[in-house]
Amino acid sequence: MRAGRGATPARELFRDAAFPAADSSLFCDLSTPLAQFREDITWRRPQEICATPRLFPDDPREGQVKQGLLGDCWFLCACAALQKSRHLLDQVIPPGQPSWADQEYRGSFTCRIWQFGRWVEVTTDDRLPCLAGRLCFSRCQREDVFWLPLLEKVYAKVHGSYEHLWAGQVADALVDLTGGLAERWNLKGVAGSGGQQDRPGRWEHRTCRQLLHLKDQCLISCCVLSPRAGARELGEFHAFIVSDLRELQGQAGQCILLLRIQNPWGRRCWQGLWREGGEGWSQVDAAVASELLSQLQEGEFWVEEEEFLREFDELTVGYPVTEAGHLQSLYTERLLCHTRALPGAWVKGQSAGGCRNNSGFPSNPKFWLRVSEPSEVYIAVLQRSRLHAADWAGRARALVGDSHTSWSPASIPGKHYQAVGLHLWKVEKRRVNLPRVLSMPPVAGTACHAYDREVHLRCELSPGYYLAVPSTFLKDAPGEFLLRVFSTGRVSLSAIRAVAKNTTPGAALPAGEWGTVQLRGSWRVGQTAGGSRNFASYPTNPCFPFSVPEGPGPRCVRITLHQHCRPSDTEFHPIGFHIFQVPEGGRSQDAPPLLLQEPLLSCVPHRYAQEVSRLCLLPAGTYKVVPSTYLPDTEGAFTVTIATRIDRPSIHSQEMLGQFLQEVSIMAVMKT
């Protein structure tokens, strides 16, 4: 892989050290066909590719997506959603950025990607992978338009490399680009999944009619999972864009529904009845046929409803998003103006109870949903992607972007998820007999546990309290999730806090003599409220050093984090802490900063409790404890108490006083 040659600009242009023009940004394991081009790919800036580069075209059709050598049709189909909404486009690509003709141009590009409940700003340079001087991955219909390849590069940076984008779900990319919801509709049904269905049923026809009302409001994508014999030109596991639908009156008076399909490959691969010059066009007026054929861009073709339902396997539909940021129901077109979200986790041995087949199901995370008025409600469980190995963490020293919402190379999402489901019970009041409630049939639930990043329920709910229980299929399967609620009416969402053994407030210390240190601190927005280790701002959290003295062996240490709020206050923040051991002699030059390394011990997942603590054995040495809230920019005050057992022989009085004395020595109180 070589760096591309071009004219050296008069001013130095930005080079992204966190995502360099190197093999590490292209490949993850050289497992895809992309590896064969390793020695031929060069990196060039847009002004080195063409004379007058532009971010956006004057004619939207010139910005149409085209796929290159990378197998990321799923992401490119989702990008087409941005072309339907100026609001979404401005949300993802902030307007006003200096471009190549501007004096302020410095060779950088910033966009926003929605990640696990937050819009994250990601900045990279504009050096793009090329073959023989041309873009080798995504490009627009006009090759002097660069919004798409630049956005693709940012998305590759979020995932760790371009190769990580090889294969994925359109629905996942749609959520990342809109912050909303997406649905996948199976066009074949259960019977058709085995290839036994030749003619579409009434449900599938109703689905296509429904798309007529959605085509201008949201992205519609379709895919082929396993092409029929004789239709191999569509490809396998390939995603397409449904760019238009038209309902026509045939010459014989019949109703004909046509769908215009765009192939991201940029070539017309359809050989059906409604191909250009196909016999299907004889069924409609010649002027109508001419008009529809003239609308086709490169890579587009028309297909009739019956053919579409026979040849395609699945539809993905993104929920419309208004300029105010509200989702719109696909089924009723009502606005889902009320939203709530809370994080949660399945922890092995504690809260990973498995599905309803397991006796441990009641130990799963549980949430109260209060519905104040009759509402159409969507409840979604979004899994946090598992992280790749920490070999990317060394790049964290070169973070780019907004400090409190920036992307962290230490948090590169993976593509492996647990099989998850969600069930909902209605209860009369919040104080319930939990085993009895969970033994009853739920009022709503997912049909099965699915290996999808996000699953959701759609419900028409009457006012009252509901118990929501997200679960993995297997017991003790760990994972983190975000529970999201979208509703037409007012709702509230709260977590049911389980009392854990190591989080009991005011737990007594074991017998013996203890030295106690109390450290007071606070989390402040934009300063010391860095959030959990999932966020790049984590190192800004308060950090307290402490030491364990030499002794005959490890010392027993209890660390307690107490947040300052009233016990009756329902607005507890989810809190936790990590303990890092400071290396003897200091950090080596090649090692990442201490807080970007793996902690020695942790008190996680973050819990909605006033106090969390952990009792541990620590060898002599220097340590740092970092208390944090789960989300960044969550303000609050706290006290960290570090109690260290003092190992020395007990002194007994020769005079029996009737009761031995236990000494507790208060060593220091530090305010920060």
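First residue shown is number 1, and so on along the chain.
Here the Cβ of each residue, glycine as well, is placed from N, Cα and C on the backbone.
As recorded in Swiss-Prot:
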type	residues	note
DOMAIN	13-321	domain 'Calpain catalytic'
ACT_SITE	C73	active site
ACT_SITE	H238	active site
ACT_SITE	N263	active site
REGION	322-494	region 'Domain III 1'
REGION	513-654	region 'Domain III 2'
### Query
Which whole-number value in Å describes the distance between the Cα atoms of C73 (active site) and N263 (active site)?
9
### Summary
Here the Cα-Cα span from H238 (active site) to N263 (active site), rounded to a whole number of angstrom, reaches 9
### Summary
A correct count of other C-beta atoms within 10 Å of the C-beta of H238 (active site) gives 20
### Summary
Its Cβ having more other Cβ atoms within 10 Å than any other among the active-site residues C73, N263, the winner is C73
### Message
Can you break down the region 'Domain III 2' (513-654) into helix, strand and coil residue counts using DSSP?
### Response
6 helix, 67 strand, 69 coil
### Query
What three-state class does DSSP give H238 (active site)?
strand
### Task
Indicate whether C73 (active site) is helix, strand or coil by DSSP.
helix
